[in-house]
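Everything on this sheet refers to the single structure shown next.
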Amino acid sequence: MRTVDDILEHIGEFNFFQKQTFLLLALLSAAFTPIYVGIVFLGFTPDHRCQSPGVAELSRRCGWSLAEELNYTVPGPGPEGQAFARRCRRYEVDWNQSALGCVDPLAGLASNSSLLPLGPCRHGWVYDTPGSSIVTEFNLVCTNSWMLDLFQSAVNVGFFIGSVGIGYIADRFGRKLCLLITILINASSGVLVAISPTYTWMLIFRLIQGLVSKAGWLIGYILITEFVGLSYRRTVGIFYQVAFTVGLLVLAGVAYALPHWRWLQFTVTLPNFCFLLYYWCVPESPRWLMSQNKDAKAMKIIKHIAKKNGKSLPASLQSLGPNEEVGEKLNPSFLDLVRTPQIRKHTLILMYNWNLGVLVCSSMCDIGGIITPFLVYRLTNIWHELPLVVFAVVGLIAGGLVLLLPETKGKTLPETIEEAENMQRPRKNKEKMIYLQVEKLDTPLN
C-alpha cells in the first residue's frame, strides 16, 4: 500500500509548498505566545500601598518628596522583611487632623510608630506604575491576590479541556475546519477580554480563549508535520516551537511599548483575524483525507502540492488502486490510549513528561498550570526554596521514566496499535525460506 510519504518522495518532502505552509503556520505558533505567558504583562503587580484620605493633602502642604511621604505615612516591612504590612495595611490615623506636623507627624500619637494600630486598606490602593494591568484596574492584591492566580488557572483549565478534546475533533471533522474555527473563537474572545467591564466577564472570556488557543496551536503542529516528508518532521516540529520563542521576544517589545493592558490585549489579539485567510492558503491534510476514504480529494491536494513544488506526479501514483486503498474508515477513541499494555505504559509516561507528547499528553502540563499558581505561593510560605526542590524532584522522576520509552531514532513510526505494541518486543528469528515462482504450461492431453 502506497502512503503519503511514498508520494512525497516524488513530489518533494520539503519544497516550496511545505516551506510556504510552514511559514504561515509558524506565525500561528508565534501568536500563541501572548495567551500562554501574557499573564506576565497583563497581570503585572507593581509596588503598591494603601490609599489613605488626607495623606496627599498633608504631603502637598508639607512639601514632602515621595520618599518622605512613604517614610512618614506607610508602615514599615513586616516580620523577617516581608512587605505584606507595607502593601496591605495602613495606620488607623485620621490624616486630616490639624495636630499633625510636617516633621515625623506620628511622633505626637505614639512614641514608636510600630505601636500604632494597623487596619486594612479601606479606600483602595496607590500603585507606583505609569501604566496599568488587570491587577491595578481590579485591585487584585492583598486579600484579593488569589483572583490573579485564578485568572491564570482559568486559561490553563481551558488549555487542558481543549487539548484533550481537539485530537478527537480534528480526527472526526478534519484539521483545516478545526483550525479555522479555533482561530475565529480565539480572536473574538481575545477582543472580548480587552473590553471586559468586570473581572468576572474577563475571567469567562479568558477561559474560552484557553479552550481554543492551545487546540489551534496543536492543530497547526499536526498539519505541518503531516505535510512534510518523514525526514523533515522532527525539524519542522522543532522550528514550529522556535517560532513560539520568537513570539516571546516580540511580545516583550510590544508590552514595553504599550504599558496599558487593554491596548496590549487588543494589539496581540487583532492579528489573529488575519489567520482566517488561511482558508485559501492552507489545504486539508491529505493524510487525514485518506484515513477517511476521501481519496479523490486527497489526490487533488497532492497534485496541488506537486504543482507548487514544480514536480510532476508519476502516472503510477495519480490514483489509488484497489489494493492501495486505506480500507476501513478509522474511528479513533480515547480508549485506544489505554486499551493495550504497551500503549498504556507509553501514554502514562508521556502524560507525566508532557513535552514529549501532544494532544492528551501535553494536556497534563495544563493540570500543572492549573494548580501551580496556588501551590507555589503556599510552598514559599513554608520555605522559600521549597518550590525549586519540588520541581527538581519531579524533573528527575520524569527523566527516569523516559528510559522506559522505546527509541524512535531512525525508525519508522508505528501507524497502528499492533505496530506500537510490537516496538519493544524482540523479533523472533524467522526461518529463511526461498520462494521460487514456477510457471506451469498448459499442454493439451494426448
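Keep in mind that glycine also has a Cβ here, set from the backbone N, Cα and C atoms.
The domain 'Major facilitator superfamily (MFS) profile' annotation in TrEMBL covers 100-446. Per TrEMBL, the feature transmembrane segment maps to 21-44, 150-170, 177-195, 201-224, 236-257, 263-282, 354-376, 388-405.
Highlighted: of the candidate stretches 21-44, 150-170, 201-224, 263-282, 21-44 has the greatest count of Cβ pairs under 8 Å to the transmembrane segment (236-257). With Cβ pairs under 8 Å as the measure, the transmembrane segment (177-195) is packed most heavily against 201-224, out of 21-44, 150-170, 201-224, 263-282. Of the Cβ pairs linking the transmembrane segment (263-282) with the transmembrane segment (21-44) and spaced 6 or more residues apart, 3 or more are under 8 Å, so the two regions touch.
If you take every residue in the domain 'Major facilitator superfamily (MFS) profile' (100-446) and average the pLDDT, you get 79.
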